[in-house]
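Peer 1: Please see the structure below; I have some questions.
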Amino acid sequence: MKYDLLIKDGSVVFRDDVKRADIAIQNGKIVAIADKIEEAADQAVDAAGQFVMPGMIDAHVHICEPGRTEWEGFETGTKALAAGGTTTYIDMPLNALPATTTKEAFALKLAAAEGKNYVDYAFYGGLVPGNLENLQELSDAGVVAYKCFMATCGTDLPDDFKNVDDYTLYTGMKKIAELGHMLAIHAENAEITDHLAQEKRKLGKVTAFDYVASRPVFTEVDAVKRALFFAKQTGCKLHFVHISSADSVEEIIKARKEGVDVTLESCPHYFAITTRQFEEIGPAAKCSPPLRDEWEQEKLWEALKQGKIDMLTSDHSPCPPAMKHSETNDMFEVWGGITGCQNNVDLMFDEAVKKRSVPITEFVRMIATTPAERFRLRAKGEIVIAKDADIILLDPNQSYVVKPDNLYYRHKHSPYIHRTIHCRVTKTFVRGQAVFDLNEGIVGRPIGQFIPFTV
Ligand SMILES: NC(=O)NC(NC(N)=O)C(=O)[O-]
Ligand SMILES: [Zn+2]
Ligand SMILES: [Zn+2]
């Protein structure tokens with residue numbers, strides 16, 4: 001038997017342990033795992049001294065194509081994902097035009113994505129006021145889940161995404177439950193955050209600290225609690241995106257114990273950047289919910305160490321540089337969204353595994369295994385026989401400084417520029433094919449495939 005690819009001598013991260021092993025790949029699948037595999041292969045990769053793990057499944061990415069490809073397109077966005085160690089991503093239904101809220105918009109997304117992706121991908125559909133009748137057709141088209149905003153969205157063209165009113169949230173959950181689907185929620189109280197922002201701006205209070213103060217933790221907790229209450233009424237399965245506070249985590253876990261089928265994600269920036277650092281970095285670090293102070297961040301780290309964070313996602317929400325600039329230094333004016341997906345695996349490995357001794361199996365659970373299970377990407381998320389060979393190599397001892405030149409994004413701004421990261425993704429394989437190699441950069445063709453979802 002001649003294999004297509006052998007990955008030899010690495011420290012392989014399995015579900016429950018890390019073991020030195022060889023991995024054989026044939027036709028894009030993992031076909032053998034053993035201490036030593038002696039058979040021949042077309043290609044052999046020496047992974048000695050490196051961790052071999054499943055590629056990240058980034059369940060929260062905003063590719064802005066079609067319609068706003070000048071913000072970020074499939075090609076540039078997925079090169080960045082591949083270079084950062086992501087092998088599958090789920091695209092959010094907003095920032096492209098039109099927003100993915102009808103089957104027609106879904107078809108436009110699918111067509112625009114064809115032949116441009118370096119990693120595999122699935123799509124979210126949107127729940128917005130007025131599209132209840134479109135939820136079934138989006139399910140039929142293959143969306144992996146639905147997404148809604150309880151906060152006000154940052155874009156406002158006619159074809160853009162709109163946040164839900166209570167009626168839409170409630171009836172949407174009922175319908176999504178009937179469809180056997182899941183609703184993902186951006187949970188912040190729109191009315192309070194909008195009014196606090198207006199108050200601040202009226203007083204000329206427009207710094208990073210003022211922006212953060214306009215979106216206090218309780219506005220996230222409030223939205224989380226209300227959504228959980230609606231979930232209890234409707235039986236809808238929920239997933240909370242980009243949770244920024246330990247208080248929200250606790251509410252979600254409490255509801256889970258009470259029987260709600262609910263998960264949550266958080267993002268590297270909530271663990272790696274504080275409000276004070278946001279003030280120093282400037283608009284590149286603006287996002288919503290905002291980056292929290294040291295005390296809140298420490299509580300979130302505690303939650304992570306206790307295994308309460310189901311998954312990590314990038315919330316890669318890019319924009320052109322002009323939108324991250326304000327003539328009057330008004331933090332409310334600039335785009336809220338972080339360009340960061342390329343550094344997520346190594347940054348979080350550095351912060352969690354290296355600096356805070358989080359077990360590497362826990363890290364892999366958060367970046368790959370749980371997202372695969374929750375979004376039912378059945379061929380993905382784990383190094384076991386018969387799964388797709390979506391595999392990355394990570395060198396735990398290679399430090400580097402993030403520089404614009406290394407970034408594949410359409411626009412090379414990111415809050416992590418100038419940051420030293422003490423480990424590095426060195427190779428990325430999607431279904432056994434190399435898409436990134438540290439020495440050569442992006443390699444091969446855009447081989448990424450759409451993963452249609454069936455309930
Ligand atoms: N329109 C956006 O991309 N928004 C995103 N922006 C952030 N997180 O700042 C998001 O996920 O809410
Ligand atoms: Zn959001
Ligand atoms: Zn987002």
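Placement of Cβ uses the backbone N, Cα and C atoms for every residue, glycine included.
In TrEMBL, annotation is done automatically, which means it is predicted and not curated.
Predicted, not measured: the structure shown is a model, and the values here were computed from it.
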Peer 1: Looking at the Zn(2+) 1 binding annotation from TrEMBL, with HIS60, HIS62, ASP315 already listed, which candidate in LYS147, LYS225, LYS403, LYS412 is the matching residue?
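Peer 2: Zn(2+) 1 site check in TrEMBL: besides HIS60, HIS62, ASP315, the record includes LYS147 out of LYS147, LYS225, LYS403, LYS412.
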Peer 1: According to TrEMBL, LYS147, HIS186 bind Zn(2+) 2; identify which of HIS195, HIS242 is listed for that same site.
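Peer 2: Matched candidate out of HIS195, HIS242, per TrEMBL for Zn(2+) 2 with LYS147, HIS186: HIS242.
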Peer 1: Tell me which binding-site residues (HIS62, LYS147, HIS186) have a Cβ under 6 A from ligand 1; sequence order is fine.
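Peer 2: If the test is a Cβ under 6 Å from any atom of ligand 1, the answer is HIS62, HIS186.
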Peer 1: When a 10 Å sphere is centred on the Cβ of HIS186 (Zn(2+) 2 binding site), how many other Cβ atoms does it contain?
Peer 2: 26
Peer 1: Where HIS242 (Zn(2+) 2 binding site) and HIS60 (Zn(2+) 1 binding site) are concerned, what is their Cα separation in Å, rounded?
Peer 2: 9
Peer 1: Quick one: mean pLDDT on the domain 'Amidohydrolase-related' (51-435)?
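Peer 2: Averaged over the domain 'Amidohydrolase-related' (51-435), the predicted model reaches a pLDDT of 98.
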Peer 1: Could you check which of the binding-site residues HIS60, HIS62, LYS147 have their CB within less than 6 A of ligand 2?
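Peer 2: Correct list: empty, so none.
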